[in-house]
């Protein structure tokens, strides 16, 4: 019986073999469904692994959302996506004149430097006097949608419409004798943004004056005038404006009864023993506030500290006697007073309460921002004043320099920008020289210089 049962089982197994074989081999459509590669989901660990952007968007095509997940930063994502979609539009450097290119999808954007415009920054902008002074050498003004350059008196506008050409041998503001690799400055210094200068050497030259200026060689400060009293000698300075007008400080006029003028000299002993130029008339600003009036009426001392001296006979110009140029108010404010330094000169004391210098001294002084100026001063600083000088270095104008020139050089031309006026002592730490701001008085100066007055006995007037 057992053998029969075994045989029965074997026959049943053999009968079922064809059905089993047919089930092993699947139809092609069904098989393809199993062989298709399905995109695996990113694991949490993978999302935070470095190099994840390569797996997401280089090995495979990704969406912007997936790129954002990889970068975790909107700006980086945007930069990547603009290049990823259609390539880098900035690769050809399409922006001219150092413009900065930013790629976009199907486009790019150029951010132009100041003075340039256009899609590719290809157009040079000289249409604004606020951009490099309109490329004008001297004065710039807007005329409709354009700019117009002009020059100081005694100069001719160049054929290019921008440059200024000296029209004579003694045009204003030009040093006929220039320094030979020598600055009207001092030992080496490094300037900080708040006009505090850091010394490179602890041993300044022993032969430095104004307070700590340098000798102004003959012909290097040709606009310097010296005001002389017959008893006191040189007591103030001035600036030559024209053959018959000299600019000075109003408070100098109150210091003496008799005033004479000397020009073209750098040695005080020669000034006080040589020929003097006679004064015809003196114009003192009618709003000038002397210290005694300031204390009495609670006003700002030395406000409107400006005066003009009219000579009896014209000053003879030479290589040692040249006027400083008179700027326009806008040129002074927007261009000159935004330079780093101005230049002052005089025969004043070599230190506070010290002796006066025997020779003409000159010093570069940095402009000081208005807030620092006002905070540093115990007396009011009005809109008619500005500060210049050093925070901690002992370099300053001093008593006896009053009325003298503060000039600023632009394109090798010296323009008068201030008058030495006042200050708290000389070269004190944290204190600056205070100057009359010339740009406030251009109309007043021009009004006086336009007058054609006959020669009269010496007199003082107020305008």
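Glycine too: its Cβ is placed from the backbone N, Cα and C atoms.
Of the candidates 194, 254, Swiss-Prot marks one as N-linked glycosylation site, and that one is 254. For residue 151 (disulfide bond), the number of other Cβ atoms no farther than 10 Å from its own Cβ, over all displayed protein chains, is 21. In this structure, the CA atom of residue 65 (4-carboxyglutamate) is 24 Å away from the CA atom of residue 90 (disulfide bond).
Under 8 Å, Cβ to Cβ, and six or more positions away along its own chain, residue 90 (disulfide bond) finds 101, 102, 103, 108.
Using a 10 Å radius centred on the Cβ of residue 121 (disulfide bond) and all shown protein chains, the other Cβ atoms total 22. The helix, strand and coil residue counts that DSSP assigns across the domain 'EGF-like 2' (125-165) are 4 helix, 15 strand, 22 coil. Figure note: comparing Cβ neighbours within 10 Å for the disulfide-bonded residues 140, 149, 236, 252, the maximum is reached by 236.
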